[in-house]
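J.: This is the structure I have questions about; it appears just below.
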Amino acid sequence: MYKLPQRNCADKQEYTVHMRKMGMVIFACLLLLIIFPTFGYADINTSSPLSIGQTLSSPDGVYELGFFSPNNSRKQYVGIWFKNIAPQVVVWVANRDKPVTKTAANLTISSNGSLILLDGTQDVIWSTGEAFTSNKCHAELLDTGNLVVIDDVSGKTLWKSFENLGNTMLPQSSVMYDIPRGKNRVLTSWRSNSDPSPGEFTLEFTPQVPPQGLIRRGSSPYWRSGPWAKTRFSGIPGIDASYVSPFTVLQDVAKGTASFSYSMLRNYKLSYVTLTSEGKMKILWNDGKSWKLHFEAPTSSCDLYRACGPFGLCVRSRNPKCICLKGFVPKSDDEWKKGNWTSGCVRRTQLSCHTNSSTKTQGKETDSFYHMTRVKTPDLYQLAGFLNAEQCYQDCLGNCSCTAFAYISGIGCLVWNRELVDTVQFLSDGESLSLRLASSELAGSNRTKIILGTTVSLSIFVILVFAAYKSWRYRTKQNEPNPMFIHSSQDAWAKDMEPQDVSGVNLFDMHTIRTATNNFSSSNKLGQGGFGPVYKGKLVDGKEIAVKRLSSSSGQGTDEFMNEIRLISKLQHKNLVRLLGCCIKGEEKLLIYEYLVNKSLDVFLFDSTLKFEIDWQKRFNIIQGVARGLLYLHRDSRLRVIHRDLKVSNILLDEKMIPKISDFGLARMSQGTQYQDNTRRVVGTLGYMAPEYAWTGVFSEKSDIYSFGVLLLEIIIGEKISRFSEEGKTLLAYAWESWCETKGVDLLDQALADSSHPAEVGRCVQIGLLCVQHQPADRPNTLELMSMLTTISELPSPKQPTFTVHSRDDDSTSNDLITVNEITQSVIQGR
């Protein structure tokens, strides 16, 4: 009889281990079979539908498509959300109107190529609604969060979720209208937080010129953003020239089209715009830990459309909130007292200029304008062509139907020919509005002004006489000619200033400034500019000032001095330094500015320690702020201003590191549509001057753009432009080499790498190189520059810029260079 071989203990142990391994392999295979349906698919096609419990991920893993149930209800919806972010944020829903109520459902490609959602009984719950004649299609989720249907044969995109929006916009999606084609793409709110079916609020883009964002409740306006002003919506408080706008607006009036798109919030890839079920527009971004609210509207009862009725004014800081515009009274006193302001106000005194007048100019002499500030301008506006501020006033004055006008930076002249609705008074920011009234409405205020002015004048006269007497007594005792107030010399200077149209500039006396600066003590010295030193001072009332001292030996003469006063007195912008006044005593001339605690940009940029206080985000904000200041100078101010000396030391920083362009001694201004001028006296700073200006004296908006490009590259690199000439190459050559090798991403100080986004740095280098192109025509204009910095649109490729190599003993490195062309080189120090 055959006997089985006997296994020893070692064989038994080996056999046991082997069987355990086999068991683990079998278990793993079974487990994979069980959980496989929950893995993300690459795409959806006729043979690979998406079922409940399965998901489709974008290639970068940011977005996910699948089935979800709001608040764990039995209703199933197909949606897109941010992957691995809790709580779940759904950004798009397919079957908003009709949820899946059965336990089984599939999202698949139909026989005609459309994307359809079928329940367990094969009933169609939702579809793209289009037949593409071929089932050789597939659906995939892109990195942008856009679900697309693609033809497998041609590769053509047949359908996009971005063209079928729900309540949310993602970067690169857009709200739009196309009047000829009858298209109007809007955001539509959910009915509630747990019900994605269409709610009562929509966010659309109006076909006005310029357009504005509008939230409707049903068919009625609920909130509006105010007209678009190049980089911002003018009716949103707090969004001024320093605001980094995530929006881009493109409008073609002739074609009847416009789009309102949203770009990424700088470094924050996870961001979105949504319209909530309560009718609020919100912008949110994720910092890796939680969602942060970037913007929200409406936030106040004054934000609600037509809150105070026609010709009413909603005042945010007032209770009750509604008052009538000046010259108007409540239409119904009883309703007004009850807090029902919807009927609004009516004019108290009729205008002399009537709309049915036989002549357009009738009433010009008897109607006046009342000027309001800090307002959200009314709805129902019209763009009055390409008019400057004065022409805007004259156009409205000569048109009997014009009830108000406004000249808005970034827009131009707006006029109102109908009732004024949805006018709001802000605490700060806002625009100016000029309201047409009968002259008698302003006569009372004028009489009050005359009486007040006379009283103030007499008081000042008495004070001056007393002060003059005390000053005379003091000089008699001290035998020192130190008057408290300027007399003959400053009186003469004031007369010289009158024809220069700088009457609004304050005149300081020398004694006051000497006291404020501790007699121009070296300890008060902030820095040295090309035209003289700058001192910190403190007035008697505690106000800190910066004093620019221009002696007879400085390079800035009377013409430049008057030019700086004349220009800055007319310019008002967040990114321009503010002039407080001036002073003259003998050969000395002083300019008094607001004091900016962080001095100039070069103080931080070129200091081995302080440079770490301005990380990449702060540098990017500074770049955009300077660009906005330039946009105001070149396009939005009443006069076109060419700075001609834009450089790092002329960019001052306030306590919030907001940049302000300074030093307008060399600036030139032109009116109307004049874009270019020339001069025989070429002045500026070497390295920053555009070739055509340095060689031929021709300057324009594009020569300032060139200087901005150099400035931008200096901010990125964090090195003085003079350092490169010492090394035998130029800043532009260094930047170009980096662009060719690494697209410029290695230019930023590596110590700041953690705070930067490489793509954003590279984009800024590309913009800088575009700005320093040899031919002015190859450089962007200021509007294009602003768009490049605030959007992620595709940029043109730069050409190799013209640059020269300086030797170490090159005279261009001199701090006091004055050539035969009178080119001046400033000492680069903080001011």
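Each Cβ is built from the backbone N, Cα and C atoms, and glycine gets one as well.
Annotations for this protein, taken from Swiss-Prot, read as follows:
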- ASP645: active site, proton acceptor (ACT_SITE)
- LEU526, GLY527, GLN528, GLY529, GLY530, PHE531, GLY532, PRO533, VAL534, LYS548: ATP binding site (BINDING)
- CYS302-CYS314: disulfide bond (DISULFID)
- CYS308-CYS322: disulfide bond (DISULFID)
- CYS392-CYS413: disulfide bond (DISULFID)
- CYS396-CYS402: disulfide bond (DISULFID)
- 43-162: domain 'Bulb-type lectin' (DOMAIN)
- 298-334: domain 'EGF-like' (DOMAIN)
- 520-803: domain 'Protein kinase' (DOMAIN)
- ASN45: N-linked glycosylation site (CARBOHYD)
- ASN71: N-linked glycosylation site (CARBOHYD)
- ASN106: N-linked glycosylation site (CARBOHYD)
- ASN112: N-linked glycosylation site (CARBOHYD)
- ASN340: N-linked glycosylation site (CARBOHYD)
- ASN356: N-linked glycosylation site (CARBOHYD)
- ASN399: N-linked glycosylation site (CARBOHYD)
- ASN446: N-linked glycosylation site (CARBOHYD)
- THR679: phosphothreonine (MOD_RES)
- 609-626: region 'CaM-binding' (REGION)
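Describe the structural context of each listed feature in the structure shown, including burial, neighbouring residues and relevant distances.
T.: Other Cβ atoms within 10 Å of the Cβ of ASP645 (active site, proton acceptor), summed over all protein chains shown, number 26.
The DSSP secondary structure for VAL534 (ATP binding site) is strand.
Reduced to three states, the DSSP call for CYS314 (disulfide bond) is strand.
Following the DSSP three-state reduction, the secondary structure of CYS308 (disulfide bond) is coil.
Sequence-distant neighbours of CYS413 (disulfide bond) (same chain, six or more apart, CB under 8 Å from its CB) are LEU383, ALA384, GLY385, LEU387, ASN388, ALA389, GLN391, CYS392, ASP395, PHE405, ALA406, TYR407, listed in sequence order.
Over all protein chains present, the Cβ of CYS402 (disulfide bond) has 21 other Cβ atoms lying within 10 Å.
Here the domain 'EGF-like' (298-334) has Cβ contacts under 8 Å with residues 215, 220-224, 279-280, 341-349, 370, 372, 375, 379, 419-427, 435, 437-438, 441 of the same chain, all six or more residues outside its ends.
A strand conformation is recorded for ASN45 (N-linked glycosylation site) in the three-state DSSP classification. Every protein chain considered, the tally of other Cβ atoms within 10 Å of the Cβ of ASN45 (N-linked glycosylation site) stands at 17.
Neighbour count (other Cβ atoms within 10 Å of the Cβ, all protein chains): 9 for ASN71 (N-linked glycosylation site).
The Cβ of ASN106 (N-linked glycosylation site) has 18 other Cβ atoms within 10 Å, all protein chains considered.
ASN112 (N-linked glycosylation site) falls within neither a helix nor a strand when secondary structure is assigned with DSSP, and so counts as coil.
Secondary structure at ASN340 (N-linked glycosylation site), as computed by DSSP, is coil. Neighbour count (other Cβ atoms within 10 Å of the Cβ, all protein chains): 12 for ASN340 (N-linked glycosylation site).
Taking all protein chains in view, 18 other C-beta atoms sit within 10 angstroms of the C-beta of ASN399 (N-linked glycosylation site).
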J.: Just give me the nearest neighbour of ASN112 (N-linked glycosylation site) among the recorded positions LEU526, GLN528, GLY532, VAL534, ASP645, Cα to Cα.
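T.: Going through LEU526, GLN528, GLY532, VAL534, ASP645 one by one, the Cα closest to that of ASN112 (N-linked glycosylation site) is ASP645.
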J.: Relative to the Cα of ASN106 (N-linked glycosylation site), which of the recorded positions ASN340, CYS396, VAL534, ASP645 has the closest Cα?
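T.: Result: the closest of the recorded positions to ASN106 (N-linked glycosylation site) is ASN340.
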J.: Counting only other Cβ atoms and using a 10 Å cut-off, which of the recorded positions CYS308, CYS314, CYS396, LEU526 scores lowest?
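T.: Taking CYS308, CYS314, CYS396, LEU526 as the recorded positions, the minimal 10 Å Cβ count falls on LEU526.
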J.: Work out, from DSSP, the number of helix, strand and coil residues along the region 'CaM-binding' (609-626).
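T.: Final tally across the stretch: 15 helix, 0 strand, 3 coil.
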J.: Calculate the per-residue pLDDT averaged over the domain 'Bulb-type lectin' (43-162) and state the result as an integer.
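T.: The answer is 91, the mean pLDDT of the model over that range.
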J.: Tell me whether CYS396 (disulfide bond) sits in a helix, a strand or coil according to DSSP.
T.: helix
